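Enquirer: Would you mind keeping the following structure in view while I ask a few things?
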């Protein structure tokens, strides 16, 4: 005979409750027609699990019910592999035995003891499911845990599953009956929580199963701005185009561009601006996106916003410009673009060498361009400010920098008739003579009758 008893099931489900005594029952049946069977039940984790009748006797063709108890715990005692109950049996011709008799019987190894069954202990319920979401990647544990959950349990598990970014768990909950249109105590849908994970697959799964948003609460574009995901933003517009506004504001009156600027996410700022986002918008503190980028020392964001907004000198509620905000925080690398750049251009225009050197010493970018692509060297050359030209060149100014129309500083000097400036530029390598914007007319042609320039040009060619 292979075994003396049979189990009702190969698994026993134990619905775990945090910090409570938990129990579950299972049944064994004696297969012997005329003889009683002694039964020994042991668990792989006796400090956690106990059985009400670890040693017992089952009469012929009878059944006995046993109860598995779990001690008070604040988290489910999951293990891989799972804990089990081992069922050992032995024939008992006398039909009766004391506990000590049974203990001696099973303590003595031999062919009289059968290993009839192994019953797997399965921890189930919403508490177990939530614990698995946070701590395990094992889908089998999760599907078993939710097998006894109510629809309400399943729906409440949707948020932690979405927050985990584990698309398989979200799929299992939806399949089992979880409501994708769950809303938390603040009225938020599952969409913002999916966005925060950065898992586009979870987001697509929710949308495909009918999850809707209320953007007056969800602020999905703001959420996407935080994680710097243009692909997520594009998907949101594809899915909820009639419900989204690129200039929508959150409770602080910040637009998605404000948030992107605060995080320094230039690619998203560019995208939002490209679809109509207002780079000049102000929030509840009258901060522009430029104020936010400056406060967080995001140079690339500051540079982009300076080129795509008109708020360089805008003042917030306390009267501070973006430069003053950056200055208070000690973000010295922003000083050049937010302030010294303008001062540098002005100094170059008026030939204020002292101011020029001060700006450069404070960190102004020597090749910083204005709205027309003119560098300080363009301005100094055009104005004939030879002292400024020399200082700028000494500090690394690009002699052949090209503006938006294709002009170099040498072109500017030539058009304005500043011979000495042109000579200085040529001496520093400024000899671009064939730019398309001039229809192949060299700026040197402007001075071709000037003997000193002609000699200088020939001399440079001779020693080249």
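Any Cβ shown, glycine's included, is placed from N, Cα and C.
According to Swiss-Prot, the protein has these features:
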- 3-124: domain 'MSP' (DOMAIN)
- 153-182: repeat 'ANK 1' (REPEAT)
- 186-215: repeat 'ANK 2' (REPEAT)
- 217-246: repeat 'ANK 3' (REPEAT)
- 252-281: repeat 'ANK 4' (REPEAT)
- 285-314: repeat 'ANK 5' (REPEAT)
- 318-347: repeat 'ANK 6' (REPEAT)
- 349-368: repeat 'ANK 7' (REPEAT)
- 372-401: repeat 'ANK 8' (REPEAT)
- 405-435: repeat 'ANK 9' (REPEAT)
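Locate each feature and note its surroundings.
Expert: DSSP places the residues of the domain 'MSP' (3-124) in helix, strand and coil in these numbers: 9 helix, 60 strand, 53 coil.
Mean predicted confidence for the repeat 'ANK 1' (153-182): the pLDDT average there is 97.
Sequence-distant neighbours of the repeat 'ANK 3' (217-246) (same chain, 6+ residues past either end, Cβ-Cβ under 8 Å): 186-189, 191-192, 195-196, 198, 200, 203-204, 207, 254-257, 259-260, 263, 265, 267-268, 271-272, 275-277.
Shown for the repeat 'ANK 4' (252-281): DSSP residue counts in helix, strand and coil, namely 17 helix, 0 strand, 13 coil.
Sequence-distant neighbours of the repeat 'ANK 5' (285-314) (same chain, 6+ residues past either end, Cβ-Cβ under 8 Å): 252, 255, 257-258, 260-266, 269-270, 273, 279, 320-323, 325-326, 329, 331, 333-334, 337-338.
Tertiary neighbourhood of the repeat 'ANK 6' (318-347): same-chain residues 288, 290-291, 293-295, 297, 299, 302-303, 306, 311-312, 353, 355-356, 359-360, 362-366, 368, 370, 374, 376, 379, 388, selected by CB-CB distance under 8 Å and a gap of 6+ residues from either end.
Using a Cβ-Cβ cut-off under 8 Å and counting only residues 6 or more beyond its ends in the same chain, the repeat 'ANK 7' (349-368) has close neighbours at 332-333, 335-337, 340-341, 343, 375-377, 379-380, 383, 385, 387-388, 391-392, 395-398, 401.
Under 8 Å from some Cβ of the repeat 'ANK 8' (372-401) lie the Cβ atoms of residues 344-345, 347-353, 356-357, 360, 366, 407-410, 412-413, 415-416, 418, 420-422, 424-425, 428-430, 432, all in the same chain and six or more residues away from its ends.
Here the repeat 'ANK 9' (405-435) is broken down by DSSP into helix, strand and coil counts: 17 helix, 0 strand, 14 coil.
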Enquirer: What residues elsewhere in the chain lie close to the repeat 'ANK 1' (153-182), defined as a C-beta under 8 angstroms and at least 6 residues from its ends?
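Expert: Here the qualifying positions are 125-126, 129-130, 132-134, 137, 139, 142-143, 146, 189-190, 193-194, 196-199, 201-202, 205-206, 209-212.
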Enquirer: Going along the chain, which residues at least six beyond the ends of the repeat 'ANK 4' (252-281) come within the CB cut-off of under 8 Å?
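Expert: Here the qualifying positions are 221-222, 224-226, 228-230, 233, 237, 246, 287-290, 292-293, 295-296, 298, 300-301, 304-305, 308-311, 314.
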